[in-house]
Amino acid sequence: MFGGLTVALVTGVPFGTFIGQHFGWRETFLAVSILGVIALISSLILVPNNIPGRASASLRDQMKVLTHPRLLMIYAITALGYGGVFTAFTFLAPMMQELAGFSPSAVSWILLGYGVSVAIGNVWGGKLADKHGAVSALKFIFAALVVLLLVFQLTASIHYAALATVLVMGVFAFGNVPGLQVYVVQKAEQYTPGAVDVASGLNIAAFNVGIALGSIVGGQTVERYGLAQTPWIGAMIVLVALLLVVLSGRLDKLPRRSAALSPEG
């Protein structure tokens, strides 16, 4: 589900832009409505009615999900990781036009290509997390993302170099989605087994907080320093997420009570 959300997030923009440019803004809303109806019908047909559900989490378990330090650390990793990504991604279209010199129609195709990269990254990131574990996968992807954002800082004004950087960056930008979800579920099963679904949902909420954070930071960066400065600012935010992943991985190796950072109560 999380993978579908991220792919839709980055492919919806170019599709909407394409429809708006060629048919008008009303048709864009019509297309969104049609897709919504298709999604509803597909859910009614394809989603089984007899999926076994977990017992409802108690209020105490829900409060632990909201307050447990180890889970809060993962929510922070998610919010900061995507906050860094969206600091640059929010302004990717104007950067590709004003700095790299692409036409508006070309930018729509670039964003679509970025969306394809994101889809590839979701699948690849999941396999990486399965093979090497969530923490190892997250460390590698976040580290690569920091490097790529810094590279984009240098290539943003170089036509085809900017394009290549953006397409590669798409693979890594959302490749950590599976690892983050696996990790939060693992920690929730360890520390709050009665509210695993709640923890997973809060991690998705942290993703949305990251989008808002990135948009705000990116907007302030553009206003104060210009479009060209968003990639390195985003890289610094992702670097904080990487450091938290390293810390969390070290805490995982400690005895359970020590790693929890607080009494189990």
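Here the Cβ of each residue, glycine as well, is placed from N, Cα and C on the backbone.
Residues or ranges marked as domain 'Major facilitator superfamily (MFS) profile' in TrEMBL: 1-253. Per TrEMBL, transmembrane segment is recorded for 30-51, 72-94, 106-125, 137-154, 160-184, 196-217, 229-247.
The listed stretches are 30-51, 106-125, 137-154, 196-217; of these, 196-217 has the most Cβ pairs under 8 Å to the transmembrane segment (72-94). Between the transmembrane segment (137-154) and the transmembrane segment (196-217) there are fewer than 3 Cβ pairs closer than 8 Å, counting only residues 6 or more apart in sequence, so the two stretches are not in contact. Beyond its flanks by at least six residues, the transmembrane segment (160-184) meets 2-3, 6-7, 10, 71, 74-75, 77-78, 81, 85, 89, 92, 95-96, 99-100, 102, 110, 113-118, 120-122, 124-126, 128-129, 134-135, 137-138, 141-142, 144-145, 148-149, 151-152, 199-200, 202-203 of its own chain at Cβ-Cβ distances under 8 Å. Sequence-distant contacts of the transmembrane segment (229-247) (same chain, six or more residues past either end, CB-CB distance under 8 Å): 73, 76-78, 80-81, 83-88, 90-91, 95, 135, 138-139, 142-143, 145-146, 149-150, 152-153, 156, 213-214, 217-218, 221-222.
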